[in-house]
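These come from Swiss-Prot:
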type	residues	note
ACT_SITE	Asp83	active site
ACT_SITE	Glu176	active site, proton acceptor
BINDING	His81, Asp142, Asp199	Zn(2+) 1 binding site
BINDING	Asp142, Glu177, His381	Zn(2+) 2 binding site
Amino acid sequence: MTYPNLLDRFLTYVKVNTRSDEHSTTTPSTQSQVDFATNVLIPEMKRVGLQNVYYLPNGFAIGTLPANDPSLTRKIGFISHMDTADFNAEGVNPQVIENYDGGVIELGNSGFKLDPADFKSLEKYPGQTLITTDGTSLLGADDKSGIAEIMTAIEYLTAHPEIKHCEIRVGFGPDEEIGVGANKFDAEDFDVDFAYTVDGGPLGELQYETFSAAGAELHFQGRNVHPGTAKGQMVNALQLAIDFHNQLPENDRPELTEGYQGFYHLMDVTGSVEEARASYIIRDFEKDAFEARKASMQSIADKMNEELGSNRVTLNLTDQYYNMKEVIEKDMTPITVAKAVMEDLGITPIIEPIRGGTDGSKISFMGIPTPNIFAGGENMHGRFEYVSLQTMERAVDTIIGIVAYKG
């Protein structure tokens with residue numbers, strides 16, 4: 001189905017810079033997210049028909065569409081995030097490519113281009129309307145496409161009371177891209193039987209398995225002396241960082257793994273001879289494998305300290321989120337419903353693990369099973385990001401189908 005306000009709504013949203021800041025200590029991490037929620041989303045939530053609309057100190061804008069059929073007793077939530085990834089989000093100037101011809105798309109005057117030779121996903125979209133960047137910023141389809149889709153679904157349901165639906169709760173939240181947005185999510189206040197994050201990629205994605213995730217911060221303490229007299233005295237902290245890294249499995253890196261394979265990912269190294277720091281993320285799907293990866297890093301640190309004769313390597317591990325499969329497999333209703341709705345709409349469900357995490361990873365462990373459904377974005381987090389309007393329309397269809405489902 002087509003929705004006349006969907007494109008303009010999306011274009012309005014992406015032009016607002018809501019980039020999150022991993023170094024911030026506030027919630028939300030940036031004032032722009034607060035302003036977007038209170039000045040743009042809250043008024044529009046009320047306009048499209050949501051009731052009891054409010055903004056919480058945790059950064060979530062919340063609203064409710066009451067059920068219009070007493071036989072539909074479920075309460076279902078839909079959640080999308082306001083923030084965008086760590087890439088330029090100022091001056092977003094989207095291009096709308098109608099009836100895409102399957103060829104190369106020049107991204108404004110930036111010199112960058114979307115070429116099917118480089119981005120095979122483009123082969124799915126001839127004849128469709130694509131929204132791209134102008135090459136100078138990301139687009140923000142992750143996850144403003146989800147916000148626009150949820151808002152449009154509510155608008156349509158309000159205008160069409162003949163479509164009977166259950167109670168719907170909507171939540172637009174902050175800071176998903178920096179991994180902390182759901183930390184303060186109020187599951188008791190949201191009060192639904194299950195929910196969906198509308199934060200996936202291409203048409204048909206339906207996901208209930210995520211990585212389990214941890215962060216590792218390493219400190220290496222060296223001893224700096226003049227290199228001319230260093231023998232037997234110098235301890236080079238940078239060399240310690242290299243030695244540590246070289247003891248990790250060389251093939252367990254993001255660029256060499258896929259599917260259900262986990263990895264260690266070196267994110268950052270800084271330092272000097274005297275002192276160095278390294279930051280890693282650890283990812284795996286199975287709990288035992290996840291725990292083994294953390295234990296392996298600790299074992300390497302302990303072994304190095306033993307060989308050095310002093311505690312020069314310090315490792316701090318922090319769990320970030322867990323595979324929501326552990327929760328959702330106990331009651332597959334949200335998957336069964338979404339799968340049935342997609343199939344009724346002629347959409348082939350693509351059920352595969354997320355090689356990442358969503359807000360649903362944390363919210364599921366708060367007591368609300370929250371799988372992820374497609375929102376349409378491709379090549380997310382950079383200048384090559386784009387989305388199909390037709391996929392966004394199908395996401396709206398899916399949301400409407402889920403809340404009207406009687407099975």
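Keep in mind that glycine also has a Cβ here, set from the backbone N, Cα and C atoms.
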Quiz item: Going along the chain, which residues six or more apart from Asp142 (Zn(2+) 1 binding site) have their CB under 8 A from its CB?
Solution: Thr84, Ala85, Glu177, Asp199, Ala375, Gly377, Met380, His381, Glu385
Exercise. Could you tell me which of these binding-site residues, His81, His381, has the greatest number of Cβ atoms within 10 Å of its own Cβ?
Key: His81
Quiz item: Relative to the mean position of the Cβ atoms of Asp142, Glu177, His381, the recorded Zn(2+) 2 site, which additional same-chain residues have Cβ within 8 Å?
Solution: Thr84, Ala85, Asp86, Phe87, Leu138, Asp143, Met380
Quiz item: Using Cα coordinates, what distance in whole Å links His81 (Zn(2+) 1 binding site) and Glu176 (active site, proton acceptor)?
Solution: 6
Quiz item: Reported as an integer number of Å, what is the Cα distance between the residue listed as 'active site, proton acceptor' and Asp83 (active site)?
Solution: 7
Exercise. Indicate whether Asp199 (Zn(2+) 1 binding site) is helix, strand or coil by DSSP.
Key: strand
Exercise. Specify the secondary structure state of His81 (Zn(2+) 1 binding site) as given by DSSP, simplified to three classes.
Key: strand
Quiz prompt | Under 8 Å by Cβ from Asp83 (active site), counting only residues of that chain that are 6 or more apart | solution = Thr18, Arg19, Ser20, Pro28, Ser29, Thr30, Gln33, Pro174, Asp175, Glu176, Glu177, Ile178, Gly181
Self-check item: Most crowded position, judged by CB atoms within 10 A, among Glu177, Asp199 as binding-site residues
Solution: Asp199
Quiz item: Taking the center of the Cβ atoms of His81, Asp142, Asp199 at the recorded Zn(2+) 1 site, which other residues in this chain have a Cβ no more than 8 Å from that point?
Solution: Ser80, Asp143, Gly146, Glu176, Glu177, Thr197, Val198, Thr358, Asp359, Ala375, Gly377
Quiz item: By the DSSP assignment reduced to helix, strand and coil, which category contains His381 (Zn(2+) 2 binding site)?
Solution: coil
